[in-house]
Structures are given as C-alpha cells and as structure tokens.
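So the structure is just underneath, and the comments pick up after that.
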Amino acid sequence: MNFPVHRDKRDKIIFPLSLCFSLFLILSNLIASSRLIVTPYFTIPGGLLLYPFTYVISNIVNEAFGATQTRLMVFYAFLGNLFALCVLKIFSIFPAASPEVSHAWHTIFDTSPIAFFSSFIAFIISQQLDITLFQLLKRCLPQFPPWLRNYFSSSLSQIIDTIIVDMGVIYIGMHYSFTQTLQIMTFSYLYKISSSTLLLPLFHLSIKRILNESKIKTR
C-alpha cells in the first residue's frame, strides 16, 4: 500500500527526486561513454560513480508512490537523456573556435552508437525489472522491510544492467577482449552492490522523511 500523501505534498516530494534521478542518469551516460576509471586493482566505467543513485531514487518513489509513478519518472528521465544527447550531437556539427576546443568537445561528449543503444537498453530493461521485483517482493513478502526490498530488487536487476551495458560499451564499443570485459563486468557489479549497501541508510532515511511529511505513523 502506498503512502496517502496530499497531491501538493506529493508533487513537492516527487519533483526533486525526479530531477535528481534524471541528472544522475544523464551524467552517468555522458561519462560512461568515453571514460574508464583505472586503478592498480580494478577498472570500472566512469559512469558507475553516480549510476547506483538512480536505483535508490526509483525504489524510494516505488515504495512511497507505487509502480505507476515510478515508471512515469523513468520514462521522463529517458526522454530527458535522449534529448540531452540529441542536443550534443546537433552542436557537434557546428565548427568550434579552434581545433583544440573541437578535440576537447569530441573527447568529452562524443558517444558511439553502440554505447548509446546499449546504455539505453540496459537502463530500460533493468529499471523495469527493478520496479517489478520491488512490487513483487512487497506483495509476496510484506514482512520484508523496505530497505531489504530495495537491496534485493536493485541487486538482481543490476546484473542485467551490467551485462548489457558492459558488453555493449566495453566489449563491442571499446574493443576490449572478452576476458578483460568479464573482469571489468565483475568489478562493475561488485561496485554496484557495494554502493547499494552503502546507500541503504539514505533509502531508509528518505522513506522515514516521506512518512513524516505525510503524517503517517509507522506500524
């Protein structure tokens, strides 16, 4: 059962969450298309630094306002991401002030078609799976606390996300070997799981705050 929040209060809660969700998604895709974070111990796509926040936000909205509102937020974020990338592509056509500026622009903002489609497909499939799993756990195992539903649904859905986006961006787009891609994929997923664990307090506090805003006593 979702929280019975007044429409005005609901909009005040959903708007900043949706804004942050879209912002994290757009920045993650821009960074992930061309940057790898390389350390002496592991390598992961750069976009992963912010991407786990999208799952936390979607599950906060899912818990408080239901699957329909969450899917609507995901859809608008998808459109916003698509619009941002289209604008960047259009501006890439125009000549830059100098070759150095042109090189810097293309280095930062150029996105290959493979990276573009794999990131979008991974986002759509994994988010829909996360929303469905979260609601399924909520119905079938109501004794599960919200933070546990959040952890299990995001952990499972991010397996699909990791496979699709890393195979597309790293293996096909960047032409890494399958062994290297598998290694990056493993560390990527471990990073996502670790981030999901570290972000559990944020999820719990956010749900608690929404409960207080809606003046609902916890049972």
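One-based numbering along the chain as shown.
Each residue, glycine too, has its Cβ placed from N, Cα and C.
The model shown is predicted, which means the values in this text are computed figures rather than measured ones.
Annotation comment: TrEMBL describes 12-32 (among others) as transmembrane segment.
Here TrEMBL flags 38-61 (among others) as transmembrane segment.
Summarising the annotation, TrEMBL assigns transmembrane segment to 73-94 (among others).
For the transmembrane segment (114-137), the list of distant contacts is 25, 29, 32-33, 54-55, 58-59, 62-63, 66-67, 70-71, 74, 78, 81-82, 85, 144, 149-150, 152-154, 156-158, 160-161, 164-165, 167-169, 172-173: same-chain residues at least six beyond its ends, Cβ to Cβ under 8 Å. Taken from TrEMBL, the feature transmembrane segment covers 114-137 (among others).
Marked as transmembrane segment by TrEMBL: 158-177 (among others).
Annotation source TrEMBL lists transmembrane segment at 189-207 (among others). Same-chain residues lying 6 or more positions outside the transmembrane segment (189-207) and placing a CB less than 8 Å from one of its CB atoms are 44, 48, 51-53, 55-56, 59-60, 63-64, 146-147, 150-151, 154-155, 158-159, 161-162.
Beyond the ends of the transmembrane segment (158-177), by six or more residues, the same chain brings 32-33, 36, 45, 55, 112, 114-115, 117-119, 121-123, 125-126, 129-130, 184-185, 188-189, 192-193, 196 to within a C-beta distance below 8 angstroms of the stretch.
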